[in-house]
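Below is one structure. I have some questions about it.
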Amino acid sequence: MPELPEVETVRRGLELVTLKQPIVDVEVLLARSIALPKEPQAFIEHLRDRRIEQWQRRGKYLLATLDDGSRLVIHLRMSGQLLWLTTPQPPCPHTRVRWFFPTRAELRFVDQRTFGRCWWLPPDCRVAEAIPALATLAPEPLSEAFTVAFLAARLAHCRRSIKTALLDQSIVAGMGNIYADESLFLSGLHPTQSAHTLTPEQVQRLHGVICQVLREGIAAGGTTIRTFMSPAGVNGHYGGQAWVYGRKGEACRVCGTTIERLRLAGRSSHYCPQCQPLSSAIGK
């Protein structure tokens, strides 16, 4: 699933090519890709002839403000892509929604797994009421509101493993498997350590590392594991510099120990047994 750095990369790419341009037409090829309105034709009619004034990101959600005050919200979920095409092309496999712009350009939503969703919300609609998951998101991790004190308070009574806790969007908005593994490695924390057992010093270090890793991910244009690419069709480059994620069986870049992988709550976790010793996983 695209995580904060990947979604931010998409947001920046969309701002470069779609702002102020009228949406000439919309085509919906898979009805269930549209969450609201319930009828795809209504989605099409509300977006036709509108202009995108701004793109924002909240966690893993993309939010476009239109010239009439309405919103277009998109969540890429597991495999969604938003691709910008400057010349007409027939729909590729897994094309779900197409937005057409002047000069025959097209924004195309491609989603192999079909979990991605699009919402059109009227101007008087509160976004968090229409999409309840938005109401529970933690502050943006690169904002001033995401403080050490906030993170400490959220972890203090959390009995889950620290890896599972980091994937909770009410604790770290936009965090996913890749950057959680990277953050834990750089913090020296074993993924199975209970979140509530972290010392104040460990929480402070983890907070700083989360911000560092996410900034590095954004600077690298995200990570391409299987399907992610920017609207311009460019792969993310963070994966090539990853410390542990996706490197099972390879040597740790710090100590040379073989990177291992385990399963936690149905998700894979990559770690270095030497740099993230099991002895740190106290109080489980």
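The backbone N, Cα and C atoms fix where each Cβ goes, glycine too.
Keep in mind that this is a model prediction, so the values were computed, not measured.
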Which one of these stretches, 68-102, 208-242, 243-277, shows up in Swiss-Prot as zinc finger?
243-277
Please work out the number of neighbouring Cβ atoms within 10 Å of the Cβ of K60 (active site, proton donor), leaving out its own Cβ.
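I count 23 other Cβ atoms within 10 Å of it.
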Could you tell me the C-alpha distance between R267 (active site, proton donor) and E3 (active site, proton donor) in angstrom, no decimals?
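Between the Cα atoms of R267 (active site, proton donor) and E3 (active site, proton donor), the distance comes to 15 Å.
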Based on Cα distances to H94 (DNA binding site), point out the closest of the active-site residues P2, E3, K60.
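It is P2, whose Cα lies nearest.
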If you count the other Cβ atoms within 10 Å of each Cβ, which of the recorded positions R113, R267 comes out on top?
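Sorting the candidates by Cβ neighbours within 10 Å, the top entry is R267.
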Return the member of P2, E3, K60 nearest to R113 (DNA binding site) in space, with distance defined Cα to Cα and candidates limited to these active-site residues.
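Comparing Cα positions, the candidate nearest R113 (DNA binding site) turns out to be P2.
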